[in-house]
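**Q** In case it's useful when we look at the structure, here is the feature table from TrEMBL:
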type	residues	note
DOMAIN	26-480	domain 'Major facilitator superfamily (MFS) profile'
REGION	248-267	region 'Disordered'
TRANSMEM	25-44	transmembrane segment
TRANSMEM	64-82	transmembrane segment
TRANSMEM	94-113	transmembrane segment
TRANSMEM	119-140	transmembrane segment
TRANSMEM	152-175	transmembrane segment
TRANSMEM	181-202	transmembrane segment
TRANSMEM	298-320	transmembrane segment
TRANSMEM	332-351	transmembrane segment
TRANSMEM	363-380	transmembrane segment
TRANSMEM	386-412	transmembrane segment
TRANSMEM	424-444	transmembrane segment
TRANSMEM	456-475	transmembrane segment
Amino acid sequence: KMTVKAVKMPCSAPNVYTKVPDGGWGWTIAFAFFFVEALTYGIIKSFGVFFNDLMESFDETNSRISWIISICVFVQTFTAPLSTVLSNRFGHRFVVMAGGVLISTGMVTASFARTVVDMYVTIGVISGLGYCLSFLPTVTILSQYFDKRRSLVTAVASTGECFAVFSFAPAITALKEQIGWRYSLLSVGVLQLSIVVCGSLLRPIIIKEQEEVKAQPPEEPTETKYMLENEQTRTSIESIDSGVEITTSPSNVPGNTKAEPKSEEPKEHVQILVENNSTLPEPKTKLLDFSVMRDYSFICYAFFGLFATLGFFAPSLYIIPLSLSLGIGKDHSAYILSAMAIAEVFGRISAGWVLNKKPIRKIYIELICVVLLSVALFAFPFASEFWGLMTCSIFFGFMLGTVAGTHIPLLAEDDVVGIAKMSSAAGVYVFIQSLAGLAGPPLAGVLVDTTQNYSSAFYSCAAGMVLGAVFLSLVRPCKAGLCQRQQPRAEEGAAEVVPDLPDDFIEMDIGKAENSGKGCD
């Protein structure tokens, strides 16, 4: 059966399935991923509510305050390979729980910061490392629990950050007016400690194909069959038990006996032994597989992520300062950010629903969404009042949801690397994104300080998104080209392997023994 476990195990042991369950404990993983998203990316995107408070308290410019989130995102993405290695070595549960402790520690310590440099270390480095250790292992193990429903489940579960932005932005704004920004930041850090609970729910999954065992005839025990076959063919029982090859016993002379053809039942039983023994030595798992870097389609997809990241975080950081510069009040500015988050929820669910349809080329749907996201970024500078900015934010939020909720799970598709290399590919992919995560917000801040216009920040994001669309459009052609070049080599390799182990190798050995017996007679 598909979802029946091979053995009943305790709560801390891995789940064993005969094939990808598309459910089971995966629903609990999806529930945990929802809250991990809310307490990681949801907090990062809501950090814009502290922006003006930090500028006033530390008397710093836009660009220097922007470095807080920039360093955080850089550390989060730069340490992605480390997250992959630790997950493969110690398990996803332990790594995510450790990440939750780091996130909470960094945020709580940041509430006592006296300079912006203290913020760089606490939120940027400490919490940034925690974000990486918490998010990436969770989305990786969630992808392993689902196959047909992977796109839809991941998209719905990733809406956690959208609900977080929708609720956190107004709540933190109201909380700041009551207790100040420092105690508000302290409260956020304590709340993020609940990631440890989410991490404790992550149980690893093992997929083992169900073995089909041939039923033996009841009238004759298996041991008796081996003895009869040994007596008639002069072969050793040990050679049969090894499941590798049937050889003539050295103590017997082939001419003294005449080998007779056997029925198919012993042959089938021996072949089952061959298959079972061949699965016993399990391959050693690589902590990090860099072979994905030789895949041209993955390289193009990584460059897409590199440039697209420029447009992921800056709009959320600068939407409130932009609205304030247009004369919109603080409360209405918070509503704009919340509306963007709600639109992102619908975007993620819609993208998951569309990508769950078959047959469909998911990489092309992603390309269309990225192009429309670029249009949304270019539209922000043309908004001059509340409703215009609200419209742009809703459109941007919806399109951001279609891309942000699917770009990492798409690594598991065959058009990129496939599910087998998903874990290593995710680590390398997010690592490459780190460069854009480091440069994106400060670049936008420098442009704002230079031009004295927040619209320039959105232009830089749009330019990066357009470049990302160009590289995304090359992913499928690169994969198709690689397949065409590798196919002849695969056929040649198969042609060489076939003569080494013919399907009827047992019959050939018995036939040789029979011919030898006849010759001696």
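Glycine is no exception: its Cβ is also placed from the backbone N, Cα and C atoms.
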**Q** Just to confirm my parser: what is the rounded mean pLDDT across the domain 'Major facilitator superfamily (MFS) profile' (26-480)?
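**A** Averaged over the domain 'Major facilitator superfamily (MFS) profile' (26-480), per-residue pLDDT gives 77.
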**Q** Same-chain Cβ contacts of the transmembrane segment (456-475) under 8 Å, 6 or more residues past its ends?
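**A** For the transmembrane segment (456-475), the sequence-distant neighbours (Cβ-Cβ under 8 Å, at least 6 residues beyond its ends) are 297, 300-301, 303-311, 314-315, 318, 322, 363, 366-367, 370-371, 373-374, 377-378, 380-381, 415-416, 436, 440, 443-445, 447-448, 450.
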**Q** Among 64-82, 181-202, 332-351, 363-380, which stretch has the most Cβ pairs under 8 Å to the transmembrane segment (424-444)?
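**A** Checked against 64-82, 181-202, 332-351, 363-380; highest Cβ contact count belongs to 64-82.
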**Q** Assess whether the transmembrane segment (25-44) lies in contact with the transmembrane segment (181-202), where contact requires at least three Cβ pairs under 8 Å among residues 6 or more apart in sequence.
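**A** Yes, these stretches are in contact.
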**Q** Let me spell it out: take the transmembrane segment (363-380), skip the flanking residues so only those 6+ beyond its ends count, and list any with a Cβ under 8 Å from a Cβ in it.
**A** 304, 308, 311, 315, 322, 351, 354-355, 389, 392, 395-396, 399-400, 402-403, 406-407, 410, 413, 415-416, 455, 458-459, 461-462, 465-466, 468-469, 472-473, 475-476
**Q** Could you tell me whether the transmembrane segment (332-351) and the transmembrane segment (298-320) have 3+ CB pairs under 8 A, leaving out pairs under 6 positions apart?
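**A** By the criterion, they touch.
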**Q** Counting only pairs at least 6 apart in sequence, do the transmembrane segment (119-140) and the transmembrane segment (332-351) share 3+ Cβ pairs under 8 Å?
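**A** As far as Cβ distances go (cut-off 8 Å, pairs 6 or more apart), the transmembrane segment (119-140) and the transmembrane segment (332-351) do not touch.
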**Q** Looking only at the recorded stretches 64-82, 152-175, 181-202, 332-351, which one has the largest tally of CB-CB distances under 8 Å to the transmembrane segment (94-113)?
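**A** By the under-8 Å Cβ criterion, the transmembrane segment (94-113) pairs most with 181-202.
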**Q** Should anything in the same chain at least six residues away from the transmembrane segment (332-351) have a Cβ under 8 Å from its Cβ atoms, list it; otherwise answer none.
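**A** 45-46, 48-49, 151, 155-156, 158-159, 161-167, 169-170, 173, 316, 319-320, 323-324, 365, 369, 386, 389-390, 393-406.
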